[in-house]
Amino acid sequence: MSETKIKIKDLATELNIAPKEVLAAAKKLDIPAKNATSTLTTEEARKVRGQVQEASGDARRKDGASDVIIRRRRKGSGAKPAAREEAAPAETEAQASPAQPEAKAAAPAAEAEEAPAAKPAPAKARKAEARTEAPRARIIRPATPQAEEKAEPAPETAAPAQPAPEAQSAAPEKVEAHDAGAPVQQAETTESAPAEPAAEKAPAEKRRYEVSMEPEKDSVQADTEADGDADGGRKKKKKKKREETAGPQVRVISRPDPAAVQAQAAAAAQAREERAERPDRGPRPAGARPAGPRPGGPRQGDSRPGDGRPAPRSGAPRPGGARPAAGFGQPAQAENSSPFADGQSKKKRQKGRRTVEFGDKGAGGKKMREDVGGNWNRGKKGKRKPETKPVSTQPQRAAKRKIKVDEAIRVSDFAHQMGVKAPEIIKILMSLGIMATINQSLDIDTATVVAAEFGYEVEKVGFSEDEFLLPKEVDADELLLPRPPVVTIMGHVDHGKTSLLDAIRKSSVTTGEAGGITQHIGAYHVSTKRGDIVFLDTPGHEAFTAMRARGAQVTDLVILVVAADDGVMEQTREAISHAKAAGVPIVVAVNKIDKEGANRDRVMRELAEQDLVPEEWGGDTIFSYVSAKTREGLDDLLEMLALQAEVLELKANPDKPARGRIVEAKLDKGRGAVGTVLIQEGTLKHGDAFVCGVFSGRVRAMFNDQGKKAKQAGPSIPVEVQGFEGVPVAGEEFICVKDEKVARRIAEQRAIKQRERDLARESKVTLETFLARRKTDAETQTLNLVLKADVQGSVGAITDALRKMQTEKVKVDIIHSGAGAITESDILLASASDAIIIGFNVRPTAKVKDVAEQEKVEIRFYDIIYKLSEEIKSAMAGLLAPVVREQYLGQAEVRETFSVPKVGTVAGCHVADGKIIRNTKVRLLRDGVVIYTGRINSLKRFKDDVKEVAKGFECGMGLENYNDIKIGDIIEAFEEVEEAATLD
């Protein structure tokens, strides 16, 4: 506390009240104070003290006046007198009894009179005395002047002092009876400044005994009556009926055993010296003084002012030793300040005797007298009601209620978490324009808006797979070892990519390929004189764009194969774009230089237009001229690859769990789901658990590019892994985890999130979109397909190719697609949806064929993708209605008309152009306007029926059901021809 200002909480501690009461007093005085840390000036503090004293005085005058008797056992007087000499002036200064000065010399006689009066105490009182033999109870009141004014009227604040030496020479007392009807004088017994440091040394003791005395006033009264009735039966047990009387609010303080608190004397004395200069803060809690016992002796006078005291104060000295050192923030019950410190059991303590508990109340561990009471249960012995905590001066802000939501949440689950009914949430969604059902999923944005309507806050949580997946920290340089480069061969179809790889590997891959073209992405590990190289062979067909993109993503180098006789083609440009997008250096291999018509300069010029300038022309692109057929230039190409790989300094850490990419995946009939994995870092071993996309698994077996079993695979090594739970998507990341349980959990969470995203992403149907869809469906034909291929990459390539072919007139709907053989379920699905089954490099079993015949399902088989594309295109065109085209035949001019009975009007015509054919369609034109469209009923030349009449001849012509023919009309003959519709 500074010289000029004092904080609210410090002032509350000084006045032994809660900060909220100081704030209330300041508010009455119009003193601005917001919280307990606000400061007051000296003048403001003085006003607040006066206000608090006035309020506490009013409260004291309302207290009852029943007698309260607290007994203490007689103790030896061997305690030290130093403490009493120190505290006696302060304690006796506030003694309120006018008869106390006369009692100085009468201590022995007073004690002799008091002891017999105390003997006939009730049995329950004596049992409690036995339990609390060491502590002696005293009723003390706050020592500050403010507390004094609060406790009693002003005229009674002064009392003669009691000398310390006489009090020290008094004999120990057996029982001390306090007058409960004199609360004013009781509050003054320890009212002095020197007593204030002692009050701070045992706040824990004080807090415990401050709890609630008021509900026990009846027991106190009963004890008083028992003392007056009995003379000598101290061992006699007697239970008195409890009566509810209005007694004063008192605090009973028992002292601990002096032998148990000697160790705390030094610390307590030092603390008392430090706080000696601070203002008074209230009464001194009980406990041994640091320097010795209190002096005994009778009080000045035989009783306190009030209803009468049974006996004068006994002269038993307080035991010496330090007070229990308890600060403002220490626990309420110290080891030696407890009523049970003398070894008395809790069971005995509960038998009908009033017991006192410490309570942690008020600021700094202090409790106001107005708050004492109300926490004791008089119905059952030894049981106490839970104490109420002080209310904070500041209103507590309501905690935000939170709902934990993953990627999406169903309406029913959302309602359950918020504790509301689902229709209420649906009503809110309808007001937001969302027609939702109870099982519909809501994304996190919609859920946030809805939760705000109910006062909730949405917290995005969920399963975090990052903590399970291995961290991608940067490996130390000493752990990195050189790895083989991954080289992807790209280029246009039929430019010799696979043939070049065969020449390098000295194998014959092309001989086993359908149509001589590559339709799968292949990974090959090749050992050369310059070191190991891993080649990825990608398809060049336009349908395999995704495969080429995957190859460029996982590679270190790209060999762009360009035929010397063809030059740069469409897929060549696409491959260049993929390589540039992946940031991969390109090495150009000009193939077929042995063929006639090879033009190297043309290739260089066309590549320069694509920003691939050769080194010969001042660029930085490496060109190599090779012939896969004659093996010319292969050594130079490998030399260039080794040089480029050395520049890149390719390294990886093999001593860690493996990570890689799925290059290709398929469903093998005997082995299940199999994926070709290119390891990028770490080492993949047999038995490792892994997760890949929404699938998990364990490595059951590994095969290298030559089909041989492998036990492990290091960085840049391609292996075929067996053990997937499902066919993974090509291009997915392959990650090893610590065990299969973690892998399965990650895969399940990914699958759940994927499904929730798909459900939440579904577009809502409006009237406009519904009508537009119906109109489109009526005009559009749909070709339903069930697609099965040998590998997952082919499925993706065919799907992309078919979707590119669909037009506004014909849509392609791939109902189901997958890698693996055609099964019975595929047949049944196609039958139910009127679909055609497309098999790419797969064949059905005999049983499946029989099912297809029974269900009348058509199955088409292909092994070359461009043949598949052509036939699907023809099938799509076949769904369209044929196009009807009108073909002009000729014209005839009407020169004369004849009326023939039973026939009608016959026109005599001259064929001016073309020819007129019988039974063809005609138009009758009059002044250029079409008057009639119909057919020729009869055609004659003279009297003979003819099939046709050529140009320049005359004929007679009758029209079907039309007779209004006039001279000068023009008859135009035409026919309708049906043509097959096209998708263009």
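Heads up, residue numbers simply count up from 1 along the chain you see.
In case you wondered, yes, glycine gets a Cβ from its N, Cα and C as well.
Features reported for this protein in Swiss-Prot:
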- 32-402: region 'Disordered' (REGION)
- 89-123: compositional bias 'Low complexity' (COMPBIAS)
- 126-136: compositional bias 'Basic and acidic residues' (COMPBIAS)
- 154-172: compositional bias 'Low complexity' (COMPBIAS)
- 187-197: compositional bias 'Low complexity' (COMPBIAS)
- 198-220: compositional bias 'Basic and acidic residues' (COMPBIAS)
- 255-270: compositional bias 'Low complexity' (COMPBIAS)
- 271-283: compositional bias 'Basic and acidic residues' (COMPBIAS)
- 308-334: compositional bias 'Low complexity' (COMPBIAS)
- 482-651: domain 'tr-type G' (DOMAIN)
- 491-498: region 'G1' (REGION)
- 491-498, 537-541, 591-594: GTP binding site (BINDING)
- 516-520: region 'G2' (REGION)
- 537-540: region 'G3' (REGION)
- 591-594: region 'G4' (REGION)
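Note on the region 'G1' (491-498): DSSP counts are 2 helix, 1 strand, 5 coil. The helix, strand and coil residue counts that DSSP assigns across the region 'G4' (591-594) are 0 helix, 1 strand, 3 coil. Looking just at the domain 'tr-type G' (482-651), the mean pLDDT is 76. Under DSSP, Thr538 (GTP binding site) is assigned to coil, being neither helix nor strand in the three-state scheme. Here the binding-site residues are Gly491, Lys497, Ile593; the one with the fewest Cβ atoms within 10 Å of its Cβ is Ile593. When Cβ atoms from all protein chains are considered, those within 10 Å of Thr538 (GTP binding site) total 30, not counting its own.
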